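Student: I have a structure I would like to understand better, so I am pasting it below and will then ask my questions one at a time.
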Amino acid sequence: VIAQDQFRLDSFVVAAQAPEDVKKTPEEETGRRRFPDPVSQSGEEKEDDPVAVAPERYQADTEKRQRKQAERERQFAAQISETTDMRSQQTLVGQIQQNQKNDIAQFRLAQAETDRQEQEKAEQEKRAAELRELKKQEQEKQEKQEQQRLAQLRQEQQLQQANTA
């Protein structure tokens with residue numbers, strides 16, 4: 001779309017420059033026209049002042065050229081303005097789309113961070129539960145060993161008492 005707009009803008013620039021690039025005739029350069037010399041039998045042209053020969057026609061031609069040039073300039077300005085407006089809108093749309101993409105990316109990053117933190121917390125809780133279970137088992141084992149030792153001491157005491165009696 002941007003390439004198409006650039007092509008159109010380039011075309012408008014070329015179209016606007018075209019009238020200046022066209023080679024002007026001697027009449028256009030001097031502002032005078034050549035009229036056939038009624039006196040000359042050879043058909044030679046002589047340069048006369050067009051205003052003196054046909055002032056109304058010269059004035060009308062001048063005004064017509066000026067109106068055409070003004071209309072071309074107005075159209076060119078309108079086309080440039082339209083192209084600029086389209087580019088501005090496309091730029092705004094592009095910025096909005098980029099902002100949306102950035103927002104989505106930030107949301108995904110935040111969601112991933114939240115998920116990671118929840119996973120870490122779950123793992124810590126699992127490790128804590130495992131640690132509590134190991135401590136409980138160790139404590140039960142120590143109690144059992146203590147009970148066995150006490151039972152053994154009682155047996156030895158009973159044997160000593162039986163031996164002494």
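Each residue, glycine too, has its Cβ placed from N, Cα and C.
Quick paste from TrEMBL:
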type	residues	note
COMPBIAS	20-36	compositional bias 'Basic and acidic residues'
COMPBIAS	58-75	compositional bias 'Basic and acidic residues'
COMPBIAS	80-103	compositional bias 'Polar residues'
COMPBIAS	113-147	compositional bias 'Basic and acidic residues'
COMPBIAS	148-165	compositional bias 'Low complexity'
REGION	17-165	region 'Disordered'
Student: Determine how many residues of the compositional bias 'Basic and acidic residues' (58-75) DSSP places in helix, in strand and in coil.
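Tutor: In the compositional bias 'Basic and acidic residues' (58-75), the DSSP-based counts are 18 helix, 0 strand, 0 coil.
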Student: How do the residues of the compositional bias 'Basic and acidic residues' (113-147) split into helix, strand and coil according to DSSP?
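Tutor: Output for the compositional bias 'Basic and acidic residues' (113-147) reads 35 helix, 0 strand, 0 coil.
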